[in-house]
Structures are given as C-alpha cells and as structure tokens.
C-alpha cells in the first residue's frame, strides 16, 4: 500500500458529500421507523453541515480571490473560481428546497409543488452549467443529476399533492430510465474488463484499473437499484419491510462512492482559498504527516527486494577518500563500483 498514491488523487469535496448523505440516510430511516423521535430539522443536520461548509468555503475563497488579484493568473484559476460560483448557486437552490421540505413535513401548511419549486429552477441552471462544464472539462456529477431529473421532480410533487393517483412504480418511470442507462454503463465496464483480462498486450496496471472500475460500478449501481425497488414496493404497500432494511443497499452504494474518492482526481482548489491540492495543504499545515506519507508498503515483491538487498551487500566496499581541499570524507556508492583505469606507461626509445 502506498499512502502517497492513495491520497494524492483524493477528492475531499465528493468525500464530504457522500459522508453527509450516508449519515443522513442512517438518521432518516430511524426517524421513519419511529426508533428516534427527533425533529426533522435535527434529522437533516448532515445536510445542513454540508451546505454550511459549502457556503463558508465559497465565502473564504471569494475573499482570497478579491484580496489577491495576482492569484487570478495562476493556471486555470479563473475557470475554477467560476465553477465554484456555479456550484454555490446550485447548492443554495438545493438548500432552499431542503428547508421547505422540513417546514412542510413539520407543519404541513403548503403544497408540495411550492416545495419543489427550487428544484424546478435547479434543472435549467444545471443544464447551462453542464454546457459550460463540457467546454471547460469540468466534473459535472451534481449538475447532470439535477438536469436529467426534472420530469421526476414534477411527477413526485404531483403525486404528493394527489393531483395524480398513479402508483409509485409509474411515478418513478424517469428514474427507471436513468437506472437502465446506468446498468448499460455497468455492462460496458464488465465487458471491457473481461477483454482486458484475456488480452496479453495490456499491462497489468491497466488491467487492474479496469477490473477495479467494473467492481466499483457494480457495487454502486446494483445496490442502488435494489434500494429503489424496495422503496417503491414499500410506498405501494406491497411489502412491510422496515425502512432500515430498505436503506441498507443504499448504505453500501454510498460507502463504495466514499471509497472511490481516494482515487478520483479533481476537486476545486478555490474552496476555502487553499489554491492547491487538499493533501498538499494538509502536509503544509501538519508537517508531521509527511513521516507517514513517505512510507510505502509492497507485500507482493518481498522476494525481489531480498535479492536486491543481497546483491547490494555483496558489492565491494570502498574505503573513504579524504579530500585535502574540501576537508570532507567522500565515499563512493557501493552499488556503483567502477574499477580504476590502468596506469598508462609510455616507453621512451633509447
């Protein structure tokens, strides 16, 4: 295991989002099953933490941007700052939706169509953000998720207000279409990983990468699909499972997503104005972490390392040479021993 290779591509933004969603997905079924009697404002605490960190991080980043104009010419600083502003705008609309949801569940005084109104604005904004992101090669997971689900948001709001009386299985038709596409992606990765496993022209690193991607997509999509099917049957009263048992597959998907953040490049460097990779920033703030970060473990090449150590130990040792001018001791590397050239003899004629 190489900690440096593990953390150098770490994406803290996505890790924070998945961790907050995981904690929220644990508290919500406990509240729905009546195990805890907390207010929904408390159940949504992980979501509030997520949005608070987004707002604070963007505010600090904007302050650093305004006070240091020279930073604006560093690489893609301008593109990353604009991407941060777009993400903050989408998060503010999502925060408005979540506040309205909590208020509607606690008091029940307004229509669900009004609650979902921020999501109806998020979708066109996300479409514009996707167009901009594709032009600048940005990560677009959240924007794509919000833009393709506009029809799903409308169906759910109409069903909750009892304007339509469709079963939930029909209400979630847009979601089934999206999951079908994700299943095709999983099948694509499985086929390519099998082809790479049977190919002799592919290096082991590429083969391992494709197999890992296939396993990751399987453990994300399949449990997510199981969760959605169980939830729909529970809402339609086709089963009486507890919400905790229904949410277990979702926990597996979120845990897998959290694990994938350690190998996903990306992340905006302007959050909190750090202007560098998150792990590099941590190493500068906490220098003692470098001692662990410089250690690597390789359990698969012990024999080869022993052979190398033996060859190094058998190399001839060279006595140190004393330099008169520099007054330092110079020792040649034992692994790079070069015999001295022979003395040149020139025979002069009589």
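Glycine too: its Cβ is placed from the backbone N, Cα and C atoms.
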Problem set entry | transmembrane segment per Swiss-Prot - which of 240-260, 261-281 | 240-260
For this session: Considering only the recorded stretches 16-36, 41-61, 111-131, 211-231, 240-260, state which has the highest number of Cβ pairs under 8 Å to the transmembrane segment (81-101).
Result: 111-131
Exercise. Would the transmembrane segment (168-188) count as touching the transmembrane segment (240-260), i.e. at least 3 C-beta pairs under 8 angstroms with sequence separation of 6+?
Worked result: no
Problem set entry | Residues of the parent chain within Cβ reach of the transmembrane segment (111-131), under 8 Å, 6 or more residues beyond its termini | 86, 89-90, 93-94, 96-97, 100-101, 104, 140, 142-147, 149-150, 153-154, 156-158, 160-161
For this session: Quickly jot the same-chain residues contacting the transmembrane segment (168-188) by Cβ under 8 Å, restricted to those at least six beyond its ends, or write none.
Result: 148-149, 151-152, 155-156, 159, 214, 217-218, 221-222, 224-225, 228, 232, 235-236
For this session: Using a Cβ cut-off of under 8 Å, list the residues of the same chain at least 6 residues beyond the transmembrane segment (41-61) that approach it.
Result: 16-17, 19-21, 23-24, 27-28, 31, 81, 84-85, 87-88, 91-92, 94-95, 98, 102, 106, 270-273
